[in-house]
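Visitor: Sharing a structure, written as structure tokens. Questions coming.
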Amino acid sequence: MMMMGEGAHAPPWQQHVASPVSGVEGGGGRESEVVAAPYHLLDTLRHYLPSNEAAAAEDEEEAAAVAAAVDAYACDEFRMYEFKVRRCARGRSHDWTECPFAHPGEKARRRDPRRYCYSGTACPDFRKGGCKRGDACEFAHGVFECWLHPARYRTQPCKDGTACRRRVCFFAHTPDQLRVLPPSQQQGSNSPRGCGGGGAGAAASPLAESYDGSPLRRQAFESYLTKSIMSSSPTSTLVSPPRSPPSESPPLSPDAAGALRRGAWAGVGSPVNDVHVSLRQLRLGSPRSAPSCASFLPAGYQYGSPKSPAAAAAAALYSLPSTPTRLSPVTVTTASGATVTVEPLDLGLIEEEQPMERVESGRALREKVFERLSKEATVSTDAAAAAAGVAPDVGWVSDLIN
């Protein structure tokens, strides 16, 4: 008797599954049987392959380089002293325009302002095509050297403000970014002697406080002017001043002299000071000679102008009466017929007096002269009258004095 199921035999099911890895269809049998794995599991396994470690390292280095470049663009110290100054370690294997470092043969290369003495002024020869002095030139070569110089970088506001989208901007976008230079660095900003050393601390120039208009020079000049005004009192204006200014007198450049003539400083330029300055320029050869108009006028002053307040004061000074240089003999005849001849008065005593008294008050001088004449005439006539027994007539002397 035949058992159920023994006579029928079903063939095995042939699985034709395409391998997701090789893409080749497998045949029958156990070797051809491949279990289909999900694709997300294969993607997860790929991260552990040895070939992916080098790529990951390159990605990390590139990201770090980009982050460093971004930080470098935002730092003022880096831009002034390192941007296009430090040589790049990667060489030519990347885009130079995206790199903040210097490369061989790059036109944007800068000289280190801490090593080379050059100002922030553009070199005219470099603009024309080339400078023969090279790195020894005292002026800036190129836009980066000019505007990234420590004396010029972010010393002016940007016209676009916070809306500026430049990768490297030379100007300040906010008041906090605006750099204020010390006076010593401001003095040397446009001069080749003003070497940029803001990061390391530039030494102050010994001439920083001696330029025209500095507080020290102005104070010295005001002190000198005050002393000159005090010495220009009415009792000493005709005393001949020294040929050269005193030692405390500060030297003045043409610009400072022009500022003095324009009255740029406080207390200078007023009519009174103009008169004092003109009086300080007096050059009188002899106290007996009348003052000359040319000797009163210093260089650069135009007293001929009718609008000048000092012209009127100078004209009034020139119009004062002058002292006669020689006196003729005086003959006096009394009522009794006696004749008395008086010799010219010795002017040696008058020269010892203050010269300003002779110029300032001619009437007082005449009174003194006639007073002495009257005394001498009185002595002579008294002797003659005593001999003749007649009283002298001195009424004419009183008329002259009055």
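In case you wondered, yes, glycine gets a Cβ from its N, Cα and C as well.
Bear in mind that the values here come from a model prediction, so they are computed numbers and not experimental data.
As annotated by Swiss-Prot, compositional bias 'Polar residues' applies to 183-192. The annotation compositional bias 'Low complexity' is assigned in Swiss-Prot to 232-241. Positions annotated as compositional bias 'Pro residues' by Swiss-Prot: 242-253. Residues or ranges marked as region 'Disordered' by Swiss-Prot: 180-211, 232-258. If you look up Swiss-Prot, you'll see 117-144, 152-176 marked as zinc finger, on the strength of sequence analysis.
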Visitor: Using DSSP, how many residues in the zinc finger (152-176) fall into helix, strand and coil?
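Guide: For the zinc finger (152-176), the helix, strand and coil counts are 3 helix, 2 strand, 20 coil.
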Visitor: Over the span of the zinc finger (117-144), how high is the average pLDDT in this prediction?
Guide: 89
Visitor: Count up the helix, strand and coil residues in the zinc finger (117-144) according to DSSP, in that order.
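Guide: Residue counts for the zinc finger (117-144) by secondary structure: 11 helix, 2 strand, 15 coil.
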